[in-house]
């Protein structure tokens, strides 16, 4: 039920039911074209896999970070919050599957608003926490290269920053929950966003709202941080701390490649679909709908990739997980 699923202002309601595609709504105007059988099977299967993998991966992250006292660090606190956001999102795909198979919203309006809010939390909070983690890495790696400590970088400060991120995300997501409601479309009850008049203006504003606040600003910030860091590291003169500098360069290179590659891979097609939806009027062909569901599924997969990217690539995390599992087995 991504907000990027909205098709256009020509519809009575300016939103689509979940799980909605990104380039068009199957019920935007007139009867929805029949989905090809492979797509009708693939969509719920893919959503189920995303839910299962995301639930398992993020549960493992939470299990280790909450049960291992030595892992209570600033970085791990941000990873913990990221895992919480992704874990919450795993509640969305099962609801989307039910809506997809039944072709109508089978639940009440309260759950409609809740699912919309959780879905939007995934869109915004993940990149917001990645931005905070990037800023933290910027300070830490640069301080390491210069053989100094980051002033004020404490666990308590990280808690305050995390609460601030959740607060900002809540304010950003709140309008979607307000506009979410049940509505009859073509004789079917749907969970949609019903915008006031003029619908065309509100629809375009909602797309630009997500594009700017949910992608352009955080990704630009991440790029500026790592570009600046790489430039500053290259400018630092090698001295007796050359080994620390070399390690810092390696860490920042891995972080730049991992964060930016995954971020762009997952979110760029999703947000480019906003530009397409705003500038073109694509016919709702089976191909367009299939591409739309693929883009939506790719953005959903973000909740699966984060645990591997930010936790499972850490050797110490794997050791902690094995130790905790061994303790549970022997107890």
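Heads up, the Cβ atoms here are built off N, Cα and C, so glycines get one too.
Look at the topological domains in Swiss-Prot: residue 39 and residue 282 end up on the same side of the membrane.
Among the ranges 184-205, 206-227, the one that Swiss-Prot lists as transmembrane segment is 206-227.
Looking at 116-135, 136-155, the stretch flagged in Swiss-Prot as transmembrane segment turns out to be 116-135. Checking Swiss-Prot for transmembrane segment across the ranges 1-25, 76-100 points to 76-100. Model confidence over the topological domain 'Extracellular' (101-115) stands at 90, taken as the mean pLDDT rounded to a whole number. With a 10 A radius on its CB, residue 191 (disulfide bond) counts 27 other CB atoms from all the protein chains. Residue 191 (disulfide bond) falls within a strand segment according to DSSP. If you look at the transmembrane segment (161-180) against the transmembrane segment (76-100), you find at least three C-beta pairs under 8 angstroms, all six or more positions apart, and that counts as contact.
For the transmembrane segment (44-66), the most Cβ-contacting stretch among 76-100, 116-135, 206-227 is 76-100 (pairs under 8 Å). A 10 Å cutoff on Cβ-Cβ distances gives residue 112 (disulfide bond) a total of 26 other Cβ atoms nearby, all chains included.
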